[in-house]
Amino acid sequence: MAAQSTFDIPLDSLPPSYQTTRSKTDPDPIRRAETGTPEPQDTSIQEPRGHEFSQLPPVDGGKDAWLFLAACFVVEGLVWGFPYSFGVFQDYYSTHPPFSSSSNLAVIGTCSMGIMYLDIPLIMAFFRRFPRFARWSPILGLLVMCFALAMSSFSKTVTHLIITQGIFYGVGGSIAYSPCIVYLDEWFVKKKGLAYGIMWSGTGLAGVVLPPLLQHFLSEYGYQTTLRIWAVAVFVLTAPLAWFLKPRIRVSVGRRAAAAAASGREATSNSTTSGTTTPNATSNIDIHAAPPTPTPTSYTPSLSFVLTRPFLVYQLFNIIEALGFFLPGIYLPSYARSVLQAQGFLTSLTLLLLNVASVFGCVAMGWFIDRLDVTTCIMLSTAGTVLGTFFLWGFGTNLAVLYVFCVVYGFFAGSFTSAWPGIMREVAKLGGGADSNEHGSKPVDPTMVFAFLALGRGVGNVVSGPLCEALIKGLPWQGRALAGYGSGYGGLIAFTGVTALVVQIGKLDS
(Lines of atoms letter the chains of each structure in order from A; the text may use other names.)
(Lines give C-alpha, C1' and ligand atoms only; values in the text may rest on other atoms or scores of the structure.)
Protein backbone atom coordinates (compact mmCIF):
# COMPACT_ATOMS: atom_id res chain seq x y z
CA MET A 1 0.00 0.00 0.00
CA ALA A 2 2.92 2.34 0.62
CA ALA A 3 3.97 2.03 -3.00
CA GLN A 4 0.45 2.76 -4.16
CA SER A 5 0.21 5.98 -2.13
CA THR A 6 3.45 7.45 -3.41
CA PHE A 7 2.40 6.98 -7.03
CA ASP A 8 -0.40 9.51 -6.58
CA ILE A 9 1.81 12.34 -5.29
CA PRO A 10 2.16 14.93 -8.09
CA LEU A 11 5.68 16.17 -8.45
CA ASP A 12 4.62 19.82 -8.60
CA SER A 13 3.82 19.52 -4.86
CA LEU A 14 7.53 19.03 -4.18
CA PRO A 15 10.17 21.77 -4.16
CA PRO A 16 12.18 22.10 -7.41
CA SER A 17 15.37 20.86 -5.78
CA TYR A 18 13.73 17.71 -4.42
CA GLN A 19 15.38 14.55 -5.77
CA THR A 20 13.28 11.41 -6.04
CA THR A 21 14.82 7.92 -5.84
CA ARG A 22 13.83 4.41 -6.68
CA SER A 23 14.22 2.97 -3.16
CA LYS A 24 15.56 3.91 0.25
CA THR A 25 19.23 2.97 0.86
CA ASP A 26 21.51 3.37 3.87
CA PRO A 27 24.35 5.83 3.15
CA ASP A 28 26.67 4.09 5.73
CA PRO A 29 28.84 1.45 3.90
CA ILE A 30 29.44 -0.57 7.11
CA ARG A 31 25.77 -0.96 7.93
CA ARG A 32 25.08 -1.79 4.25
CA ALA A 33 27.61 -4.62 4.46
CA GLU A 34 26.07 -5.93 7.71
CA THR A 35 22.47 -5.77 6.52
CA GLY A 36 23.04 -6.66 2.83
CA THR A 37 21.56 -3.34 1.61
CA PRO A 38 22.53 -2.67 -2.05
CA GLU A 39 24.87 0.12 -3.10
CA PRO A 40 23.16 3.53 -3.52
CA GLN A 41 22.90 4.72 -7.08
CA ASP A 42 22.19 8.07 -8.73
CA THR A 43 18.49 7.70 -9.32
CA SER A 44 17.54 11.34 -9.78
CA ILE A 45 14.59 11.57 -12.08
CA GLN A 46 15.50 13.29 -15.32
CA GLU A 47 11.95 13.53 -16.59
CA PRO A 48 10.18 16.89 -16.51
CA ARG A 49 9.14 17.96 -13.04
CA GLY A 50 5.59 19.04 -12.44
CA HIS A 51 6.63 22.60 -11.65
CA GLU A 52 8.01 22.91 -15.21
CA PHE A 53 4.48 22.51 -16.55
CA SER A 54 2.98 24.79 -13.91
CA GLN A 55 5.27 27.56 -15.17
CA LEU A 56 4.09 27.25 -18.79
CA PRO A 57 2.29 30.30 -20.24
CA PRO A 58 -1.51 29.94 -20.20
CA VAL A 59 -3.46 28.91 -23.28
CA ASP A 60 -6.20 31.00 -24.91
CA GLY A 61 -4.90 34.23 -23.40
CA GLY A 62 -2.13 35.99 -21.56
CA LYS A 63 0.67 38.21 -22.82
CA ASP A 64 2.68 35.47 -24.52
CA ALA A 65 -0.28 33.99 -26.39
CA TRP A 66 -1.45 37.35 -27.72
CA LEU A 67 2.07 38.42 -28.70
CA PHE A 68 2.43 35.15 -30.60
CA LEU A 69 -0.89 35.72 -32.38
CA ALA A 70 0.05 39.33 -33.19
CA ALA A 71 3.31 38.15 -34.77
CA CYS A 72 1.39 35.51 -36.76
CA PHE A 73 -1.04 38.20 -37.94
CA VAL A 74 1.77 40.38 -39.33
CA VAL A 75 3.71 37.48 -40.86
CA GLU A 76 0.51 36.20 -42.47
CA GLY A 77 -0.12 39.61 -43.99
CA LEU A 78 3.41 40.14 -45.31
CA VAL A 79 3.88 36.62 -46.68
CA TRP A 80 0.44 36.03 -48.21
CA GLY A 81 -0.60 39.62 -48.90
CA PHE A 82 1.89 40.00 -51.74
CA PRO A 83 0.63 37.12 -53.94
CA TYR A 84 -2.97 38.01 -53.05
CA SER A 85 -2.27 41.48 -54.50
CA PHE A 86 -0.78 40.06 -57.68
CA GLY A 87 -3.69 41.43 -59.71
CA VAL A 88 -1.99 44.85 -59.54
CA PHE A 89 1.24 43.38 -60.96
CA GLN A 90 -0.64 41.47 -63.63
CA ASP A 91 -2.42 44.63 -64.74
CA TYR A 92 0.95 46.43 -64.93
CA TYR A 93 2.76 43.58 -66.71
CA SER A 94 -0.01 43.28 -69.33
CA THR A 95 0.22 46.99 -70.26
CA HIS A 96 3.98 47.69 -70.01
CA PRO A 97 7.02 46.29 -71.81
CA PRO A 98 8.77 43.90 -71.83
CA PHE A 99 5.79 41.70 -70.78
CA SER A 100 2.84 43.39 -72.51
CA SER A 101 2.82 40.95 -75.41
CA SER A 102 3.39 37.86 -73.24
CA SER A 103 0.86 35.21 -72.29
CA ASN A 104 0.58 33.14 -69.10
CA LEU A 105 0.98 36.16 -66.83
CA ALA A 106 -1.63 34.70 -64.46
CA VAL A 107 0.64 31.68 -63.90
CA ILE A 108 3.06 33.86 -61.90
CA GLY A 109 0.54 34.62 -59.18
CA THR A 110 -0.98 31.15 -59.09
CA CYS A 111 2.50 29.62 -58.87
CA SER A 112 3.57 31.65 -55.83
CA MET A 113 0.31 31.13 -53.97
CA GLY A 114 -0.19 27.56 -55.15
CA ILE A 115 3.25 26.40 -54.04
CA MET A 116 2.74 27.92 -50.59
CA TYR A 117 -0.34 25.73 -50.31
CA LEU A 118 1.02 22.60 -51.98
CA ASP A 119 4.24 22.11 -50.05
CA ILE A 120 2.78 22.70 -46.58
CA PRO A 121 2.19 18.93 -45.89
CA LEU A 122 5.88 18.21 -46.51
CA ILE A 123 7.02 21.11 -44.35
CA MET A 124 4.60 20.28 -41.53
CA ALA A 125 5.63 16.62 -41.51
CA PHE A 126 9.31 17.66 -41.42
CA PHE A 127 8.68 19.98 -38.48
CA ARG A 128 6.82 17.24 -36.60
CA ARG A 129 9.72 14.87 -37.20
CA PHE A 130 12.40 17.47 -36.39
CA PRO A 131 10.65 20.06 -34.18
CA ARG A 132 13.78 22.05 -33.37
CA PHE A 133 14.07 23.25 -36.98
CA ALA A 134 10.65 24.93 -36.85
CA ARG A 135 12.00 27.54 -34.43
CA TRP A 136 14.48 28.86 -37.01
CA SER A 137 12.48 28.43 -40.19
CA PRO A 138 10.95 31.96 -40.23
CA ILE A 139 14.38 33.50 -40.80
CA LEU A 140 15.34 30.89 -43.42
CA GLY A 141 12.09 31.34 -45.31
CA LEU A 142 12.40 35.12 -45.10
CA LEU A 143 15.84 35.03 -46.72
CA VAL A 144 14.53 32.86 -49.57
CA MET A 145 11.57 35.20 -50.11
CA CYS A 146 13.73 38.34 -50.23
CA PHE A 147 16.20 36.65 -52.59
CA ALA A 148 13.32 35.70 -54.90
CA LEU A 149 11.94 39.25 -54.94
CA ALA A 150 15.37 40.74 -55.64
CA MET A 151 16.05 38.30 -58.48
CA SER A 152 12.62 38.91 -60.02
CA SER A 153 13.52 42.58 -60.43
CA PHE A 154 16.08 41.52 -63.03
CA SER A 155 13.59 39.42 -65.03
CA LYS A 156 13.08 40.15 -68.73
CA THR A 157 10.69 37.31 -69.62
CA VAL A 158 7.58 35.80 -68.08
CA THR A 159 9.49 32.53 -67.55
CA HIS A 160 11.96 34.34 -65.31
CA LEU A 161 9.10 35.87 -63.32
CA ILE A 162 7.46 32.46 -62.90
CA ILE A 163 10.69 31.01 -61.49
CA THR A 164 11.52 33.91 -59.14
CA GLN A 165 8.34 35.78 -58.21
CA GLY A 166 6.38 32.54 -58.52
CA ILE A 167 8.25 29.37 -57.49
CA PHE A 168 11.08 30.69 -55.26
CA TYR A 169 8.81 33.14 -53.46
CA GLY A 170 6.27 30.38 -52.84
CA VAL A 171 8.86 28.02 -51.32
CA GLY A 172 10.31 30.71 -49.08
CA GLY A 173 6.89 31.93 -48.02
CA SER A 174 5.68 28.50 -46.92
CA ILE A 175 8.86 27.88 -44.91
CA ALA A 176 8.52 31.23 -43.14
CA TYR A 177 4.79 30.83 -42.48
CA SER A 178 4.44 27.17 -41.40
CA PRO A 179 5.61 27.64 -37.76
CA CYS A 180 2.57 29.89 -37.23
CA ILE A 181 0.34 26.85 -37.82
CA VAL A 182 2.57 24.38 -35.96
CA TYR A 183 2.62 26.46 -32.78
CA LEU A 184 -0.90 27.92 -32.86
CA ASP A 185 -2.38 24.63 -31.63
CA GLU A 186 -0.21 24.91 -28.52
CA TRP A 187 -1.24 28.49 -27.69
CA PHE A 188 -4.99 28.27 -28.37
CA VAL A 189 -7.49 25.50 -27.59
CA LYS A 190 -11.00 26.76 -26.85
CA LYS A 191 -10.46 29.93 -28.91
CA LYS A 192 -8.68 28.15 -31.75
CA GLY A 193 -11.18 29.15 -34.44
CA LEU A 194 -11.05 32.79 -33.40
CA ALA A 195 -7.24 32.69 -33.35
CA TYR A 196 -7.11 31.27 -36.88
CA GLY A 197 -9.61 33.88 -38.04
CA ILE A 198 -7.58 36.74 -36.57
CA MET A 199 -4.35 35.39 -38.07
CA TRP A 200 -5.87 34.88 -41.53
CA SER A 201 -7.39 38.34 -41.46
CA GLY A 202 -3.82 39.62 -41.72
CA THR A 203 -3.91 38.74 -45.41
CA GLY A 204 -7.02 40.85 -45.86
CA LEU A 205 -5.52 43.83 -44.05
CA ALA A 206 -2.35 43.56 -46.15
CA GLY A 207 -4.63 43.49 -49.17
CA VAL A 208 -6.03 46.84 -48.06
CA VAL A 209 -2.60 48.46 -47.82
CA LEU A 210 -0.60 46.74 -50.57
CA PRO A 211 -2.66 47.22 -53.77
CA PRO A 212 -2.68 51.07 -53.69
CA LEU A 213 0.89 51.11 -52.39
CA LEU A 214 2.16 48.78 -55.10
CA GLN A 215 0.07 50.62 -57.69
CA HIS A 216 1.78 53.89 -56.72
CA PHE A 217 5.30 52.46 -56.81
CA LEU A 218 4.70 50.67 -60.11
CA SER A 219 3.40 53.80 -61.81
CA GLU A 220 6.17 55.99 -60.36
CA TYR A 221 9.24 53.74 -60.41
CA GLY A 222 8.45 50.65 -62.52
CA TYR A 223 8.47 46.99 -61.58
CA GLN A 224 12.22 46.66 -60.96
CA THR A 225 12.50 49.31 -58.26
CA THR A 226 9.17 48.29 -56.75
CA LEU A 227 10.27 44.67 -56.28
CA ARG A 228 13.57 45.73 -54.68
CA ILE A 229 11.83 48.11 -52.29
CA TRP A 230 9.40 45.39 -51.26
CA ALA A 231 12.24 42.88 -50.71
CA VAL A 232 13.93 45.26 -48.24
CA ALA A 233 10.63 46.15 -46.55
CA VAL A 234 9.65 42.51 -46.02
CA PHE A 235 12.97 41.70 -44.37
CA VAL A 236 12.95 44.76 -42.09
CA LEU A 237 9.34 44.18 -40.98
CA THR A 238 9.44 40.39 -40.58
CA ALA A 239 12.88 39.60 -39.11
CA PRO A 240 12.15 41.01 -35.61
CA LEU A 241 8.91 38.98 -35.38
CA ALA A 242 10.78 35.66 -35.56
CA TRP A 243 11.51 36.00 -31.83
CA PHE A 244 7.79 35.76 -31.01
CA LEU A 245 7.08 32.77 -33.28
CA LYS A 246 8.04 30.28 -30.61
CA PRO A 247 6.46 27.14 -29.14
CA ARG A 248 4.58 27.28 -25.88
CA ILE A 249 6.21 24.02 -24.80
CA ARG A 250 9.97 23.68 -25.16
CA VAL A 251 11.11 20.69 -27.21
CA SER A 252 13.24 19.36 -24.34
CA VAL A 253 10.30 19.51 -21.91
CA GLY A 254 8.00 17.82 -24.40
CA ARG A 255 10.46 14.98 -24.96
CA ARG A 256 11.00 14.41 -21.24
CA ALA A 257 7.24 14.39 -20.70
CA ALA A 258 6.85 11.75 -23.40
CA ALA A 259 9.69 9.73 -21.90
CA ALA A 260 8.15 9.95 -18.43
CA ALA A 261 4.77 8.80 -19.70
CA ALA A 262 6.32 5.94 -21.66
CA SER A 263 8.43 4.90 -18.65
CA GLY A 264 5.39 4.99 -16.42
CA ARG A 265 3.40 2.80 -18.79
CA GLU A 266 6.27 0.34 -19.10
CA ALA A 267 6.72 0.16 -15.33
CA THR A 268 3.01 -0.38 -14.77
CA SER A 269 3.02 -3.13 -17.38
CA ASN A 270 6.03 -4.84 -15.77
CA SER A 271 4.60 -4.67 -12.27
CA THR A 272 1.27 -6.02 -13.50
CA THR A 273 3.02 -8.92 -15.23
CA SER A 274 5.05 -9.83 -12.17
CA GLY A 275 2.15 -9.38 -9.79
CA THR A 276 4.00 -6.87 -7.59
CA THR A 277 3.65 -3.19 -6.80
CA THR A 278 7.32 -2.37 -6.25
CA PRO A 279 8.08 1.33 -6.66
CA ASN A 280 10.01 2.24 -9.80
CA ALA A 281 11.78 5.22 -11.32
CA THR A 282 8.56 7.01 -12.04
CA SER A 283 6.62 6.16 -8.92
CA ASN A 284 6.60 9.78 -7.83
CA ILE A 285 5.85 11.19 -11.29
CA ASP A 286 2.38 12.38 -12.10
CA ILE A 287 2.35 11.52 -15.78
CA HIS A 288 -0.94 13.36 -16.18
CA ALA A 289 0.62 16.69 -15.23
CA ALA A 290 1.30 17.56 -18.88
CA PRO A 291 -1.04 20.19 -20.34
CA PRO A 292 -3.82 19.14 -22.73
CA THR A 293 -2.03 20.70 -25.70
CA PRO A 294 0.29 19.02 -28.21
CA THR A 295 3.82 18.53 -26.96
CA PRO A 296 6.64 19.26 -29.42
CA THR A 297 8.13 15.80 -29.44
CA SER A 298 9.74 14.17 -32.43
CA TYR A 299 7.42 11.78 -34.23
CA THR A 300 6.19 10.78 -37.66
CA PRO A 301 2.53 11.82 -37.95
CA SER A 302 -0.10 9.33 -39.09
CA LEU A 303 -1.73 10.18 -42.42
CA SER A 304 -4.37 7.45 -42.38
CA PHE A 305 -7.12 10.07 -42.04
CA VAL A 306 -6.44 11.21 -45.64
CA LEU A 307 -8.34 8.20 -47.02
CA THR A 308 -11.29 8.36 -44.64
CA ARG A 309 -14.67 9.29 -46.09
CA PRO A 310 -15.31 12.39 -43.94
CA PHE A 311 -11.99 13.97 -44.90
CA LEU A 312 -12.36 13.08 -48.58
CA VAL A 313 -15.78 14.77 -48.68
CA TYR A 314 -14.45 17.92 -47.04
CA GLN A 315 -11.42 17.89 -49.31
CA LEU A 316 -13.54 17.56 -52.45
CA PHE A 317 -15.63 20.61 -51.53
CA ASN A 318 -12.46 22.44 -50.52
CA ILE A 319 -10.87 21.92 -53.97
CA ILE A 320 -14.06 22.84 -55.84
CA GLU A 321 -14.41 26.08 -53.85
CA ALA A 322 -10.75 26.95 -54.50
CA LEU A 323 -11.15 26.51 -58.28
CA GLY A 324 -13.38 29.56 -58.40
CA PHE A 325 -12.28 31.54 -55.36
CA PHE A 326 -9.06 33.01 -56.77
CA LEU A 327 -10.44 34.18 -60.13
CA PRO A 328 -11.97 37.52 -59.03
CA GLY A 329 -8.81 38.51 -57.19
CA ILE A 330 -6.79 37.99 -60.36
CA TYR A 331 -9.08 39.76 -62.84
CA LEU A 332 -11.07 42.41 -60.94
CA PRO A 333 -8.58 45.25 -61.65
CA SER A 334 -8.43 44.32 -65.33
CA TYR A 335 -12.24 44.03 -65.45
CA ALA A 336 -12.68 47.48 -63.90
CA ARG A 337 -10.21 49.01 -66.35
CA SER A 338 -11.25 47.31 -69.61
CA VAL A 339 -15.02 47.01 -69.09
CA LEU A 340 -15.95 49.92 -66.80
CA GLN A 341 -13.22 52.33 -67.94
CA ALA A 342 -11.73 52.81 -64.46
CA GLN A 343 -8.21 54.21 -64.20
CA GLY A 344 -5.42 54.27 -61.63
CA PHE A 345 -6.56 53.99 -58.02
CA LEU A 346 -10.12 53.10 -59.03
CA THR A 347 -8.90 49.80 -60.49
CA SER A 348 -6.88 48.79 -57.41
CA LEU A 349 -9.82 49.83 -55.19
CA THR A 350 -11.54 46.60 -56.24
CA LEU A 351 -8.87 44.53 -54.48
CA LEU A 352 -8.76 46.94 -51.55
CA LEU A 353 -12.47 46.51 -50.85
CA LEU A 354 -12.34 42.75 -51.35
CA ASN A 355 -9.49 42.41 -48.88
CA VAL A 356 -10.82 44.75 -46.21
CA ALA A 357 -14.11 42.83 -46.25
CA SER A 358 -12.24 39.55 -45.84
CA VAL A 359 -10.65 40.91 -42.62
CA PHE A 360 -14.08 41.11 -41.00
CA GLY A 361 -15.24 37.90 -42.68
CA CYS A 362 -12.32 35.85 -41.34
CA VAL A 363 -12.72 37.10 -37.77
CA ALA A 364 -16.50 36.62 -37.84
CA MET A 365 -16.23 33.09 -39.24
CA GLY A 366 -13.52 32.25 -36.69
CA TRP A 367 -15.90 33.31 -33.92
CA PHE A 368 -18.76 31.28 -35.43
CA ILE A 369 -16.71 28.11 -35.96
CA ASP A 370 -15.96 27.91 -32.22
CA ARG A 371 -19.71 27.84 -31.57
CA LEU A 372 -21.53 26.40 -34.60
CA ASP A 373 -21.39 23.21 -36.64
CA VAL A 374 -18.86 23.28 -39.48
CA THR A 375 -21.52 22.49 -42.09
CA THR A 376 -23.54 25.54 -41.04
CA CYS A 377 -20.49 27.76 -41.36
CA ILE A 378 -19.57 26.43 -44.82
CA MET A 379 -23.12 26.91 -46.10
CA LEU A 380 -23.17 30.47 -44.77
CA SER A 381 -19.93 31.27 -46.62
CA THR A 382 -20.97 29.72 -49.93
CA ALA A 383 -24.52 31.17 -49.89
CA GLY A 384 -23.18 34.73 -49.77
CA THR A 385 -20.64 33.92 -52.47
CA VAL A 386 -23.25 32.50 -54.84
CA LEU A 387 -25.68 35.41 -54.49
CA GLY A 388 -22.99 38.06 -54.76
CA THR A 389 -21.34 36.54 -57.83
CA PHE A 390 -24.43 35.75 -59.91
CA PHE A 391 -26.39 38.90 -59.16
CA LEU A 392 -23.97 41.70 -58.26
CA TRP A 393 -21.07 40.88 -60.58
CA GLY A 394 -23.09 39.20 -63.28
CA PHE A 395 -25.77 41.88 -63.58
CA GLY A 396 -23.74 44.89 -62.46
CA THR A 397 -23.21 47.63 -65.04
CA ASN A 398 -21.23 50.28 -63.16
CA LEU A 399 -18.35 50.72 -60.72
CA ALA A 400 -20.61 51.26 -57.70
CA VAL A 401 -22.23 47.82 -58.06
CA LEU A 402 -18.83 46.23 -58.73
CA TYR A 403 -17.52 47.71 -55.49
CA VAL A 404 -20.50 46.32 -53.58
CA PHE A 405 -19.74 42.91 -55.08
CA CYS A 406 -16.12 43.18 -53.90
CA VAL A 407 -17.30 43.76 -50.33
CA VAL A 408 -19.81 40.90 -50.39
CA TYR A 409 -17.41 38.49 -52.05
CA GLY A 410 -14.56 39.39 -49.73
CA PHE A 411 -16.69 38.90 -46.61
CA PHE A 412 -18.27 35.56 -47.55
CA ALA A 413 -15.81 33.86 -49.91
CA GLY A 414 -12.81 35.24 -48.03
CA SER A 415 -14.00 33.63 -44.81
CA PHE A 416 -14.20 30.07 -46.18
CA THR A 417 -10.80 28.97 -44.83
CA SER A 418 -11.75 30.20 -41.34
CA ALA A 419 -14.08 27.18 -41.26
CA TRP A 420 -11.05 24.87 -41.46
CA PRO A 421 -10.61 24.62 -37.65
CA GLY A 422 -14.08 23.05 -37.60
CA ILE A 423 -13.04 20.53 -40.25
CA MET A 424 -9.85 19.82 -38.29
CA ARG A 425 -11.92 19.25 -35.16
CA GLU A 426 -14.38 16.91 -36.91
CA VAL A 427 -11.71 14.81 -38.63
CA ALA A 428 -9.62 14.55 -35.46
CA LYS A 429 -12.70 13.50 -33.50
CA LEU A 430 -13.54 10.70 -35.95
CA GLY A 431 -9.95 9.43 -36.17
CA GLY A 432 -8.07 7.93 -39.06
CA GLY A 433 -8.54 4.19 -39.05
CA ALA A 434 -9.11 1.09 -36.99
CA ASP A 435 -7.23 -1.02 -34.42
CA SER A 436 -5.16 1.67 -32.77
CA ASN A 437 -6.90 2.68 -29.53
CA GLU A 438 -9.85 1.84 -27.35
CA HIS A 439 -12.18 3.87 -29.57
CA GLY A 440 -11.14 1.94 -32.67
CA SER A 441 -9.53 4.92 -34.40
CA LYS A 442 -6.06 6.28 -34.85
CA PRO A 443 -5.22 9.62 -33.24
CA VAL A 444 -5.14 12.42 -35.81
CA ASP A 445 -2.85 15.44 -35.67
CA PRO A 446 -5.08 18.46 -36.47
CA THR A 447 -2.05 20.27 -37.87
CA MET A 448 -1.68 17.63 -40.56
CA VAL A 449 -5.40 17.93 -41.36
CA PHE A 450 -4.77 21.62 -41.96
CA ALA A 451 -1.75 20.81 -44.12
CA PHE A 452 -3.75 18.58 -46.45
CA LEU A 453 -6.63 21.04 -46.62
CA ALA A 454 -4.03 23.59 -47.72
CA LEU A 455 -2.79 21.08 -50.29
CA GLY A 456 -6.30 20.77 -51.72
CA ARG A 457 -6.68 24.53 -51.87
CA GLY A 458 -3.33 24.72 -53.61
CA VAL A 459 -4.52 22.26 -56.26
CA GLY A 460 -7.51 24.50 -56.93
CA ASN A 461 -5.29 27.56 -57.03
CA VAL A 462 -2.77 26.12 -59.50
CA VAL A 463 -5.49 24.78 -61.80
CA SER A 464 -7.35 28.11 -61.69
CA GLY A 465 -4.39 29.91 -63.33
CA PRO A 466 -4.53 28.31 -66.79
CA LEU A 467 -8.27 27.76 -66.33
CA CYS A 468 -9.03 31.47 -66.07
CA GLU A 469 -6.91 32.13 -69.16
CA ALA A 470 -9.11 29.67 -71.04
CA LEU A 471 -12.33 31.15 -69.62
CA ILE A 472 -11.65 34.62 -71.06
CA LYS A 473 -9.84 33.55 -74.23
CA GLY A 474 -11.65 35.06 -77.19
CA LEU A 475 -13.95 37.01 -74.81
CA PRO A 476 -16.86 34.51 -74.84
CA TRP A 477 -20.44 35.82 -74.69
CA GLN A 478 -19.26 39.36 -75.48
CA GLY A 479 -22.21 41.33 -76.82
CA ARG A 480 -24.48 38.29 -76.62
CA ALA A 481 -25.53 38.49 -72.97
CA LEU A 482 -26.59 41.09 -70.42
CA ALA A 483 -24.35 43.28 -68.27
CA GLY A 484 -21.25 41.56 -66.91
CA TYR A 485 -22.09 38.27 -68.59
CA GLY A 486 -21.75 39.97 -71.99
CA SER A 487 -18.52 41.81 -71.16
CA GLY A 488 -16.20 39.04 -72.33
CA TYR A 489 -15.72 37.92 -68.72
CA GLY A 490 -19.04 36.07 -68.62
CA GLY A 491 -17.51 32.60 -68.55
CA LEU A 492 -15.26 33.55 -65.63
CA ILE A 493 -18.19 35.07 -63.68
CA ALA A 494 -20.38 32.02 -64.25
CA PHE A 495 -17.63 29.56 -63.28
CA THR A 496 -16.89 31.44 -60.04
CA GLY A 497 -20.54 31.28 -59.03
CA VAL A 498 -21.02 27.65 -60.08
CA THR A 499 -18.11 26.37 -57.94
CA ALA A 500 -19.60 27.97 -54.82
CA LEU A 501 -23.05 26.67 -55.78
CA VAL A 502 -21.76 23.09 -56.12
CA VAL A 503 -20.31 23.25 -52.60
CA GLN A 504 -23.61 24.67 -51.29
CA ILE A 505 -25.69 21.91 -52.90
CA GLY A 506 -23.19 19.25 -51.87
CA LYS A 507 -23.33 20.23 -48.21
CA LEU A 508 -27.12 20.31 -48.31
CA ASP A 509 -27.15 16.74 -49.67
CA SER A 510 -24.59 15.49 -47.16
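Note that Cβ sites are derived from N, Cα and C of the backbone, with glycine treated the same way.
Look at TrEMBL and you will find 1-54, 264-287 tagged as region 'Disordered'. What TrEMBL lists as compositional bias 'Basic and acidic residues' is 23-34. Marked as transmembrane segment by TrEMBL: 65-86, 106-127, 139-155, 161-182, 194-214, 226-245, 311-332, 344-369, 401-420. What TrEMBL lists as compositional bias 'Low complexity' is 264-284.
Between the transmembrane segment (401-420) and the transmembrane segment (194-214), three or more CB pairs separated by 6 or more residues in sequence fall under 8 Å, so the two stretches touch.
Under 8 Å from some Cβ of the transmembrane segment (106-127) lie the Cβ atoms of residues 79-80, 82-84, 86-87, 89-90, 93, 133-134, 137, 158, 161-162, 165-167, 169-171, 173-175, 177-179, 181-182, 300-301, 326, 330, 447-448, 450-452, 454-455, 457-459, 461-462, 464-466, 468-469, all in the same chain and six or more residues away from its ends. Below 8 A, the CB atoms of the transmembrane segment (139-155) and the transmembrane segment (226-245) form 3+ pairs separated by six or more positions in the chain.
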